[in-house]
Structures are given as structure tokens and as C-alpha cells.
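Data block below; observations after.
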Amino acid sequence: GVPCLCDSDGPSVHGNTLSGTIWLAGCPSGWHNCKAHGPTIGWCCKK
């Protein structure tokens, strides 16, 4: 999947590990939404 920036990763994508994965239809079972605001499309989820 496409990596995304979780709230716990830091304020910006520069120099931070992107620990989330974008899911277009919501987070699958066993995953949770790790970003409070965004992304614009889909959800940023992590295990």
C-alpha cells in the first residue's frame, strides 16, 4: 500500500518514518486509524 504519516510519526513527512498505510475503504480488522486529520482520500491506518 501507500505509506502515510501517522500522528505519532511527527509533524511532517520530511525526516520522519511513515508508519501508516493508506486504505481507501477504511481500516481493516486489526488496524486502527492513526491520523486524526486526513489524508484527503481514504484513511491512514496502522497495525
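Glycine too: its Cβ is placed from the backbone N, Cα and C atoms.
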Considering the candidates Cys34, Cys44, Cys45, which is the cysteine that Swiss-Prot reports in a disulfide bond with Cys27?
Cys45
For Cys27 (disulfide bond), nearby residues of its own chain (Cβ under 8 Å, 6 or more apart in sequence)
Asn33, Trp43, Cys45
